[in-house]
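Annotation comment: Swiss-Prot describes 132-160 as motif 'Q motif'. Under the heading domain 'Helicase ATP-binding', Swiss-Prot lists 163-338, citing sequence analysis as support. If you look up Swiss-Prot, you'll see 176, 177, 178, 179, 180, 181, 182, 183 marked as ATP binding site, on the strength of sequence analysis. What Swiss-Prot records for 286-289 is motif 'DEAD box'. Under the heading region 'RNA-binding RGG-box', Swiss-Prot lists 526-548. Under the heading compositional bias 'Gly residues', Swiss-Prot lists 536-550.
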């Protein structure tokens, strides 16, 4: 089948190199359904001009329940329950893996050693052996050429084990930290899967559906699938809330092989008849734990109910809590599982963790001292992500830093979508190497090369602490996490000390003393629920940053420090 993609007609995979205008324009560096992809007159004007274009807000303060502006109430009530007659469904191909002779000849002892050396654990029946090189994975030439062009030296651990699992057509669970290379672990087999299926006919929905918790993650996935699906002319679109529906609807009506979506907006499209999931035979749930954290479980269940039961399903998660296990048990069949690293709550050991016990009034001065050290020299490429406990503190700190000459911008749920996109782009490109964020706004953001995380306010629990500091030290790099810890946080001292000890980090004696006298922290998800306020209270300027470019992000830099 893979040779059957001629030009012409609806089914032909012609068109501009994998991807419609809705989503990230890699050449122009913009989101062309929201503003001009080359910074034109109706977008982010070049050279620092302001923004045009509206872009729907988040509704209801923050995420409207999660996932980039998706509304949560009564979603999916209009979807009809499907009764599948399996005998009437067209057959499809999902098993493509042919073991390379080098892999077949490896002894069980050699396989065990490779897995142990790379912290790979596998579970399930007849799990295929891992591959050690790209050539051993057995991808077709059109995929391998794209991979080699990227200059990767070897597959990551999750790719070594995950590719044979995914290509075999089995249902797969993969547990690995963000930044481990999991996106390519499911994207490349997805391309092979698509090229083995009949071409789309008018009215057909996608063949591959990828669900993600946030629009930021969805766009990042789209960038990968566009890059590697280019030679196959595979079309894709990104479907997420917080932006106009028109461009997304146009993409779906023209036909796309891949749909990357947040759950709420996808259900909206399904209920309004703009697409259907009858052709989906390859389903991916990315960051499943985050989707459940954000309250998407009912929507995920409704969406999966619209997809044929004999599909291939791949679920990816950074953690493996009971809720994720239940979802896997309900929707995956005889699945095989790969875990990378420990399943215990643990921090990435490549991250240097510095925890300083401070008073609330000391935080600003300490932050400036760290910034002076981190940002020393104009040539350095450091990027710093600063976490705060509330949106108001995020704006306060951003305002304070900009008035002190630091190129900081803030991102949180009260910002409109186009401002969030712009801030993220400024941070990614290094034009603004300091980004201040709240926990919710940061979910799903995968910015490479963040060198430092600074926890201005300590989060509500150890799991959030580990997720925060995990923004640095990705994909094999080293990172540094600096955390301000006050006596108000003392109930969490014992749990934090445990995380630091596990990662063999130095512990501030005052923190150790707090841990001895503080009592329990309420377990992994419980414990102290935060102060609510916190952070700098200095009375410069008004409230938050508002819904367009304004507030703290609009302040000019005074006497630029960097």
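Note that Cβ sites are derived from N, Cα and C of the backbone, with glycine treated the same way.
Outside the motif 'DEAD box' (286-289), and at least 6 residues removed from its termini, the chain residues within Cβ reach (under 8 Å) are 178, 182-183, 186, 210-213, 217, 221, 315-321, 323-324, 327, 444. Same-chain residues lying 6 or more positions outside the motif 'Q motif' (132-160) and placing a CB less than 8 Å from one of its CB atoms are 2, 97-100, 102-103, 114, 118-120, 167, 174, 176, 180-182, 184-185, 188, 191-192, 195, 227-228, 230-232, 338, 340, 475. In the predicted model, residues of the motif 'DEAD box' (286-289) average a pLDDT of 92.
Listed in sequence order, the residues 156, 158, 340, 474, 475 complete the 8 Å Cβ shell around the ATP site centroid, once 176, 177, 178, 179, 180, 181, 182, 183 themselves are left out.
Secondary structure counts, DSSP: the motif 'DEAD box' (286-289) has 2 helix, 0 strand, 2 coil. DSSP classifies residue 178 (ATP binding site) as coil under the three-state reduction.
Across the motif 'Q motif' (132-160), DSSP assigns 16 helix, 0 strand, 13 coil.
Sequence-distant contacts (6 or more apart, same chain, Cβ under 8 Å) of residue 183 (ATP binding site) comprise 220, 221, 224, 286. Spatially close to residue 176 (ATP binding site) yet at least six residues away along the chain are 157, 158, 182, 316, 318, 338, 339, 340, 341, judged by Cβ distances under 8 angstroms.
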